[in-house]
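S.K.: Here's a structure for you.
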Ligand code: HEC
Ligand code: HEC
């Protein structure tokens, strides 16, 4: 059951083995990310000033990349070493495959994947036509079903993750810039509410870990600010791609709560809110985490 309560945060933190005394605190690593890519070097903003609404919360916002060990960070410096590129390549094969019921491919309507440049940086967003908050998965599925006559792709299916990897890479190096005002405002507020709500037996919110305790060691993990600018990410532990939606499920599950579903309206709103906390960081395209 999901429940809301304002107490017991410290207890829960202790239960999780957070070293709140500060002994196990480790600063985010001072480092810079410049990616060697086929098209040349791509500079990635992994640390920057927080968006206005977080000005009193953080001195700086950091990509999760800063909290990973040297080996993991290095894998992202060169596309030849980045294990996520395999999935980008698979996405490109699918992009060009005539899989629609009328023989259409993504390419037959959109040309090359570079036509998607910039899109990842503004996702999620309220769609002008539907008036609804859409995540990238929704846009892909709209084409898969309505324009190609296929069955919907699961939000965590291989097809979907390969395609998200390909599309995301087209915005690599661009600043995350999701809209939070106008029609996005109610969704953003809803996402914010989820972010600060304590869930599960451990009664912990996203903020308890990623805002109050980032920099601390939790078990063997160096706790980051929980940014989504790097997603989809290749997770070494899973030997595969993980989307932001999937990551949220994992994090909520760690608090021993029954979680919202990947692709649910609640998690879409949460993705908007979390993405906005990273406004100004670069889209990493496809990142590597452990
Ligand atoms: C009990 C502590 C805890 C809670 C609560 C928690 N997380 Fe996490 N989260 C972690 C740990 C540990 C990791 C892996 C190390 C890291 O990147 O911080 C992680 C990773 C992440 C990442 C990946 C960051 C990256 O760059 O790879 C995101 C995004 C994230 N969490 C979002 C959330 C959201 C949203 C919530 C609330 C629904 C949440 N987390 C709740 C512990 C927590
Ligand atoms: C029959 C033509 C057609 C096919 C095939 C097609 N699309 Fe689309 N797609 C469109 C149209 C039309 C739009 C809406 C464009 C707009 O609203 O400006 C769109 C929009 C999108 C968007 C949102 C783009 C944006 O800037 O808002 C994405 C992402 C997308 N398609 C991905 C795909 C993928 C991935 C495939 C293959 C699996 C695919 N599309 C196949 C016609 C197609």
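Quick reminder: no glycine exception, Cβ is built from N, Cα and C everywhere.
Caution: TrEMBL annotation is automatic and unverified by curators.
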S.K.: Given that TrEMBL assigns 106, 109, 110 to the heme c 1 site, pick the one from 143, 206 that the record assigns to that site as well.
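M.R.: It is 143, as the record lists it for that site.
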S.K.: Looking only at Cβ atoms, how many others are within 10 Å of the one on residue 110 (heme c 1 binding site)?
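M.R.: The answer is 14.
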S.K.: DSSP on residue 251 (heme c 2 binding site), three-state: which is it?
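M.R.: The residue in question, residue 251 (heme c 2 binding site), is helix (DSSP, three-state).
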S.K.: Return the residues near residue 210 (heme c 2 binding site) by Cβ distance under 8 Å, restricted to its own chain and a separation of at least 6 in sequence.
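M.R.: Same-chain residues close to residue 210 (heme c 2 binding site) (Cβ under 8 Å, separated by 6 or more) are 223, 224, 225, 226.
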S.K.: In Å, how large is the greatest distance between any two Cα atoms among 106, 109, 110, 143, the listed binders of heme c 1?
M.R.: 11
S.K.: Going by a 10 angstroms cut-off between Cβ atoms, which of the binding-site residues 106, 109, 251 has the sparsest surroundings?
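M.R.: Fewest other Cβ atoms within 10 Å, among the binding-site residues 106, 109, 251, is found for 109.
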S.K.: Of 106, 109, 110, 143, which binding-site residues come close to ligand 1, meaning Cβ under 6 Å from one of its atoms?
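M.R.: By the Cβ criterion, which requires under 6 Å to ligand 1, there are no hits.
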